[in-house]
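Q: Dropping a structure here in structure tokens format, bear with me for questions.
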Amino acid sequence: MSFPAGPLWLIGCGNMGGAMLRRWLAAGLDPASVTVITRSGTGAPAGVRSLTALPDEAAPATLMLALKPQQIDAAQALLAPLQGQPQMLLSILAGVDHAALSARFTADTIVRAMPNLPVAIGKGVTSLYTYTESEDAIAAAEAFAAPLGHYEWIADEAHFDAVTALAGSGPGFVFRFADALAQAGAALGLPVDQAARLAMATLEGSAIMAADADVSPAVLADRVASPGGSTREGLNVLDRDEALVTLLTETLTASERRNAEMAAAAR
Ligand SMILES: NC(=O)C1=CN([C@@H]2O[C@H](COP(=O)(O)OP(=O)(O)OC[C@H]3O[C@@H](n4cnc5c(N)ncnc54)[C@H](O)[C@@H]3O)[C@@H](O)[C@H]2O)C=CC1
Ligand SMILES: O=C(O)[C@@H]1CCC=N1
């Protein structure tokens, strides 16, 4: 799948926008077709035009908003003098909904995308949402999503904040789990660096195995737990009163709530 023709401008290019852009460049996107506009003028990969103000040029084919939801007013002011409108406005702003984007920006098609940080290695998850039924616009959005890893269209925008909590923020929670597993090993007396190495390698192998398995992670967990053995004793701690499920439900609920707050602030 090739990238849509025409220029791509990014407004903001920090942790997430930068990870996406670097992956696109690695997948063959022509750096000469890309312009990054940031307040600081930093963060753009080599070979990409980097500006601190809007160029005196016609609107690009694709305009991506990659700054923070709290910076949406600044983005709107920056883009006010835009000449014409982009074919696609791609927004990765957490929370900010399609209606708020349409009220502030004009484009042939607006697409919300919620990526996560592993897009940097082509193993990300990108959730997509749009009002459009144009097959060309959908194909254009998918052409940008495909090199990033797994992508899915979300049918109901009401689910987007939950999707953002699960998959957008998810790597943060998984990284925290990896750290906690290592800390727990160190608490049992293992050298700190060894515990960190073993935890990371265990997570990597388990994630790859679970992703490729034809049974659920719950079944795999039971396969690790030999009857009467030590894994079951550990799982009993995680399962008691659904402790882990309760903790993660609270975690996602807090993130989802914050996405809704950021959405409200952007309206
Ligand atoms: N970090 C992550 O894992 C994920 C982030 N997102 C979304 O990505 C967006 C960016 O987040 P991060 O990359 O983490 O933030 P960041 O702070 O790393 O990057 C923000 C970027 O916006 C630029 N910027 C700030 N004010 C500006 C202005 N007035 N005009 C132009 N550029 C400006 C900064 O220079 C920087 O390049 C957010 O909307 C967030 O919701 C979505 C999914 C995952
Ligand atoms: O923390 C945030 O607000 C963004 C949304 C998903 C991941 N990072």
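Every residue number used here counts from 1 along the chain in the order it is shown.
Each residue, glycine too, has its Cβ placed from N, Cα and C.
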Q: TrEMBL has ILE11, GLY12, CYS13, GLY14, ASN15, MET16, ALA66, LEU67, LYS68, PRO69 binding NADP(+). Which one of THR35, THR38, THR106 is in the same site?
A: THR38
Q: Within the domain 'Pyrroline-5-carboxylate reductase catalytic N-terminal' (10-95), how many residues are helix, strand or coil going by DSSP?
A: 26 helix, 19 strand, 41 coil
Q: Cβ-Cβ under 8 Å from ILE11 (NADP(+) binding site), same chain, 6 or more residues apart: which ones?
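A: The list for ILE11 (NADP(+) binding site) reads ILE37, THR38, LEU63, MET64, LEU65, ALA66, LEU67, ALA75, LEU78, LEU79, given in order along the sequence.
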Q: For the NADP(+) binding site, please report the maximum Cα-Cα distance among ILE11, GLY12, CYS13, GLY14, ASN15, MET16, THR38, ALA66, LEU67, LYS68, PRO69 in Å.
A: 15
